[in-house]
Amino acid sequence: MDAERAKVAELEANHRALSLELANAKSLELDKRRELVSASDEIEKLRMKHAKEIMELEMEAKSKAREARELADELRLAKSDLERERDNVSNLKATLSHQSTSHIALNAQINALQAQKAATQMQLDALMTTSSDKTLDLETAHRRILDLEQDARESEMVRRKLHNMVQELKGNIRVFCRVRPEKGREADITFPDKRDHKEIVVSSSSSSAMGSERKEIYNFGFDRVFEPESTQIEVFEEISFLAQSCVDGYNVCIFAYGQTGSGKSFTMEGGSTEATTGMIPRAVDQVFKAADDLKSKGWEYKMDGQFLEIYNETINDLLGKGEFDKKKHEIKHDKSGTRVTDVNVMPLQSPASVTSLLRVANSRRTVAATLMNERSSRSHSVFTLRISGTNTHTGESCEGSLNLVDLAGSERLNSSGAAGDRDRLKETQNINKSLSALGDVIAALGEKAEKGEKHIPYRNSKLTYLLQNSLSGNSKTLMILNLSPLAAHLNESLCSLRFATKVNNTMIGTAKKQIRGSS
């Protein structure tokens with residue numbers, strides 16, 4: 001029992017000891033647990049701190065990497081700048097070397113220029129010593145120039161007088177005859193005067209009442225005869241002096257006469273090429289050239305032009321607006337010359353302006369077909385160029401005019417084919433009337449020159465009244481007779497030749513120069 005009690009006591013003592021140990025163990029475990037929790041908290045704090053430090057380190061690493069990249073870029077730029085600066089230094093060294101060389105060369109040039117300057121100064125000193133002699137020579141030369149200019153003006157006056165004398169000796173009405181070339185059966189026309197070209201011979205064959213052939217020969221002499229091969233240049237060479245007379249202050253009249261189809265318009269107006277240019281544009285060119293040549297002698301010129309048509313005894317302004325038959329134009333004569341009322345007078349600056357003016361005028365001329373020619377001018381055209389000049393050295397002034405007349409075709413009624421057409425008949429009658437009046441005026445002028453006082457029927461036609469000053473002796477007048485070489489036109493050609501001979505034998509006095517002295 002005691003042993004059991006001792007065992008129980010021992011067991012209880014063991015139980016108490018174990019309980020105490022268990023309590024101590026639990027207390028120790030609780031402490032450990034508390035320590036573990038505390039350690040876990042500490043570990044978590046350390047982990048969070050470590051994570052924060054890692055994040056900060058990563059951010060710092062990124063910042064350092066960015067700074068490294070920026071530094072690398074700066075380094076690269078610095079290297080580039082360094083390389084560029086090295087190149088600049090190299091270039092500057094080369095430039096400095098070149099400039100040093102240039103400086104040496106410039107110094108050499110300066111030395112040479114200084115030597116040249118010294119030599120030039122010596123020459124200048126030498127020239128200065130003779131300047132008074134040169135000034136005297138210059139004054140002498142200036143006086144000589146003035147004397148030469150005066151001599152030139154006096155020579156120009158002498159030239160004008162001699163030129164006018166030559167034209168007067170040739171005759172105040174001169175007559176040229178021009179035969180146009182033609183394909184077809186030609187009349188028997190010969191030109192025996194091969195030296196002076198002043199004669200034309202026309203032969204005509206006819207049958208007598210007995211049936212035998214009768215041949216008649218007609219000789220005509222003029223101031224100049226142009227054969228069919230003659231060119232426009234050759235014709236103008238003979239009349240170019242008349243254009244000079246216009247610039248010198250004379251009135252000049254050139255008119256083409258002849259039957260329809262004889263080449264009047266070709267002679268006066270010409271063709272489309274330079275070689276075929278007619279008398280009107282050539283004369284205008286000559287006038288402008290002569291005026292330009294006289295500029296050096298103090299002459300200044302102004303020119304203007306008008307272009308009229310006489311159709312059925314009515315004056316039309318070819319430079320107007322084409323209002324034919326609506327305006328009545330009257331011819332007025334006074335001391336200053338001839339003028340026509342209400343016509344356009346155009347200032348002329350150059351030959352080109354005259355060419356365009358002629359083109360406009362010719363497009364408005366009255367033309368129609370006849371048996372003699374498919375396109376025949378049914379009117380007279382009168383182109384007038386007026387020129388006024390003043391000499392700025394002497395105060396002298398002059399006025400001249402150039403009348404260039406293309407007459408309508410002269411033919412008999414049967415030849416023109418107008419007998420069956422009232423309008424063509426009226427045209428032909430008026431054309432022949434005015435040409436007949438022209439013949440009457442020239443005949444009367446011839447009688448006046450021989451017998452003295454004689455009435456001149458200028459008013460019998462608008463043509464003669466318009467050309468009164470050109471026919472009355474105040475003008476140098478040239479008639480160009482145009483002939484057709486065709487055998488079919490022989491009778492008309494003989495009529496024209498007889499009329500031209502009458503004109504050629506007429507003396508109408510001496511042309512007067514339209515000139516005024518200095519005021």
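The backbone N, Cα and C atoms fix where each Cβ goes, and this holds for glycine too.
Remember, TrEMBL labels are computer predictions, not curated facts.
The feature ATP binding site is assigned by TrEMBL to G258, Q259, T260, G261, S262, G263, K264, S265.
According to TrEMBL, the feature coiled coil maps to 1-130.
Annotation source TrEMBL lists domain 'Kinesin motor' at 172-506.
Reduced to three states, the DSSP call for S265 (ATP binding site) is helix.
Of the listed binding-site residues G258, G261, G263, the Cβ environment within 10 Å is emptiest of other Cβ atoms at G263.
Most Cβ neighbours within 10 Å among the binding-site residues Q259, T260, S262, S265: this distinction goes to S262.
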